[in-house]
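Reviewing the structure listed below.
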C-alpha cells in the first residue's frame with residue numbers, strides 16, 4: 001500500500017471515531033446547526049485534565065470561526081436535546097461516535113454574568129445529568145449511537161434564571177487503563193434560562209479540578225469492569 005494513502009486512510013478512520021457536540025434542540029425545536037455552541041475545528045479529544053482546554057475545549061483545538069454569538073433561550077424545566085457527529089459539515093446526520101468508544105455522557109451548567117464571555121476559568125459548575133453503564137452492560141455512548149447522535153436531558157425547573165454555560169461531555173474510556181488514556185469530548189453552549197426559580201444548585205466544582213487522574217471513572221479497564229462510577233460529583237436534577 002502507498003504510505004501516503006495509508007496515513008490519509010488512518011487519519012480519516014481516527015477522525016470518524018471522534019465527535020463534536022454541534023446542535024441544540026429546546027423541547028424538540030432545533031436552534032440551527034452550530035448555533036449557540038463554541039465549536040472547535042477539530043474533533044480530537046482533550047486528554048490533559050490539568051489543561052484549561054478541559055473546560056470548553058478550544059486552545060489546542062481552536063474554535064471554528066466565526067464563533068457563534070447566538071444565545072439559546074431555554075425555559076427552566078424544558079427538555080434539551082444535544083446532537084453529536086464526527087464532523088461539522090452538516091452532512092453526516094446518523095453517525096455520532098465509533099461503537100468501541102464506550103463511556104459516559106454528562107451535562108453541567110455554570111451561571112455566568114454573560115453567556116458570551118470568553119473567560120471560562122474558575123466557573124462553578126454543577127452536574128445535572130449523567131448516564132454511564134447500565135445493568136445490561138450497555139453504555140451511554142451505545143444509547144447515543146442508537147439515537148443517531150442525540151441525547152435528551154431536562155434543565156432543572158427550580159434554578160435561578162439568567163445566563164448560563166452548558167458544558168456537555170462524552171468521556172471515552174475504551175483505552176483508559178492508564179492515564180492519560182480517557183478521551184474527553186466537550187463543548188459549551190450559551191444559554192439564557194428563564195423562569196421563576198430561585199435555587200442556586202450545589203455542590204459545584206471547577207475545571208480543571210473536578211476530575212482526578214486516578215478517579216475510578218477516569219482510569220479504568222472496561223474489559224474487567226463489574227460496575228462503573230461516572231466521574232465528578234453526583235448529578236443533581
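Glycine residues also receive a Cβ, built from the backbone N, Cα and C atoms like all the rest.
A quick note: this is a predicted structure, and the numbers were derived from the prediction, not measured.
Feature annotation from Swiss-Prot assigns signal peptide to 1-17.
In sequence order, 18, 19, 20, 21, 43, 45, 46, 84, 97, 169, 170, 171, 172 constitute the residues six or more apart from residue 185 (Cu(2+) binding site) in its chain with CB-CB distances below 8 Å. Here Swiss-Prot flags 18, 101, 185 as Cu(2+) binding site, drawing on similarity to another entry.
Here Swiss-Prot flags 56-188 as disulfide bond, drawing on similarity to another entry. DSSP assigns residue 56 (disulfide bond) to a helical segment in the three-state reduction. The number of other Cβ atoms within 10 Å of the Cβ belonging to residue 56 (disulfide bond), over all protein chains shown, comes to 24.
Per Swiss-Prot, the feature N-linked glycosylation site maps to 92 (among others). Summarising the environment of residue 92 (N-linked glycosylation site), the number of other Cβ atoms within 10 Å of its Cβ, over all protein chains shown, is 14. Secondary structure from DSSP puts residue 92 (N-linked glycosylation site) in coil.
According to DSSP, residue 152 (N-linked glycosylation site) is assigned to a strand segment. Around the Cβ of residue 152 (N-linked glycosylation site), the number of neighbouring Cβ atoms within 10 Å comes to 12. Marked as N-linked glycosylation site by Swiss-Prot on the basis of sequence analysis: 152 (among others).
The feature N-linked glycosylation site is assigned by Swiss-Prot to 192 (among others), with sequence analysis given as support. Listed in sequence order, the residues of the same chain lying 6 or more apart from residue 192 (N-linked glycosylation site) and placing their CB within less than 8 Å of its CB are 71, 72, 73, 74, 115, 161, 162, 163, 164. Under the three-state DSSP scheme, residue 192 (N-linked glycosylation site) falls in the strand class.
Using a 10 Å radius centred on the Cβ of residue 227 (N-linked glycosylation site) and all shown protein chains, the other Cβ atoms total 8. The annotation N-linked glycosylation site is assigned in Swiss-Prot to 227 (among others).
Counting other Cβ atoms within 10 Å of each Cβ, the binding-site residues 18, 101 show the lowest value at 18. Sequence-ordered, the extra residues of this chain that approach the Cu(2+) site, with Cβ no more than 8 Å from the Cβ center of 18, 101, 185, are 17, 19, 43, 45, 97, 98, 170, 172, 183.
Residues near residue 188 (disulfide bond) in space but far in sequence (CB under 8 A, at least 6 apart, same chain), listed by position: 37, 38, 55, 56, 57, 120, 165, 166, 167, 168. Calculated from their C-alpha atoms, the gap between residue 152 (N-linked glycosylation site) and residue 92 (N-linked glycosylation site) amounts to 19 Å.
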